[in-house]
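**Q** What TrEMBL records for 60 is NADPH binding site. Taken from TrEMBL, the feature FAD binding site covers 67, 125, 329. According to TrEMBL, the domain 'FAD-binding' annotation covers 25-198, 325-379. The annotation region 'Disordered' is assigned in TrEMBL to 1-26.
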């Protein structure tokens, strides 16, 4: 589906050093951050190995659509030599934003760039992952490798537990075990690599998203297609929201979101694995909303996924440890308001471009630490806006507060 870039911009195993002469680099996680890092490292002559717990590229749904920002996500793709390929598959006509009244479904706000313009085009997560995977050398990603342990390796002649060389052994659920000079944790919210660097764990925000899907909306659900428009639709009221995103191929993803205890389904006696029960529970939660909006729930497919939203503190950071670092949600887990993937991809690009095959590899711990400091600074700077926007979306006066935010941008 996605051709690799032209030969001069593609990794070529015949023109680089052998894997045995370069540092061994492991990337845990084949999400956008991990794959961007792998791509740029290969362009620079490294031979990274990407470990992914999923059994294959098609083992799990990859989520909805992303708007990649010029100064972060798109910049990372430029550094990876993939921006031209991205443009071929980006959806420039799906950048619209609209906000509807919860009771009447009448527009409160609408904004969309002229057709084919705008600087934050959309791309489905699946399409982005396929694009990145197609750019890598064969066998770069090892599927079905769920990380279970990370241990420092003591060089011969040193006390057990000392790790002056920065090497770490990775153990996987399938029994595999390998040692690496640098381990990059791009393993998401519940990162096992982060657990080696910090005791801080994600906490529940008090908000849960329940995701459901509609297919072929333009032909099967034209009224929903018109309601959602070309982009993202918001309808918010009193700590609750219905958010619908236009995806590629006539798909729409709907997020029914609300501020409730994490055990809300258990308290209602609802089996979250039963789509009939979930659909009925959601319709009850949103009773009193416009029938047009409730159709987003009543017409959805029988794939309904509950996603409690967790975050790390906005000022999260970690002390450098030689041989380990983090990217993306493992490094800065922010509310889902558009920062996460964009920051993650820039994290990856900056780290990968900071490393070089020239000189003493062990001396490059400083470059890794500096890249980590830069990503922490960017995330810490973005955090206040991310948390403020998220809190505005799920507040008692959410419609008024979020509308003000939309109008001020």
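FYI, residue positions are counted from 1 along the chain as it appears here.
Cβ atoms here come from the backbone N, Cα and C positions, even for glycine.
Given the structure is predicted, the values throughout are model-derived calculations rather than measurements.
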**Q** Listed FAD-binding residues 67, 125, 329 - what's their greatest C-alpha to C-alpha distance in Å?
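**A** 17 Å is the greatest Cα spacing among the residues binding FAD.
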**Q** Helix, strand, coil: count each for the residues of the domain 'FAD-binding' (325-379), based on DSSP.
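**A** Reading the DSSP string over the domain 'FAD-binding' (325-379) gives 37 helix, 2 strand, 16 coil.
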**Q** Three-state secondary structure of residue 125 (FAD binding site) from DSSP?
**A** helix
**Q** Let me know how many other Cβ atoms fall within 10 Å of the Cβ of residue 329 (FAD binding site).
**A** 27
**Q** For the domain 'FAD-binding' (325-379), would you mind checking the mean pLDDT of the predicted model?
**A** 91
**Q** Sort out the sequence-distant neighbours of residue 67 (FAD binding site) for me: same chain, 6+ apart, CB within less than 8 Å of its CB, listed by position.
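**A** The answer is 95, 120, 121, 122, 338.
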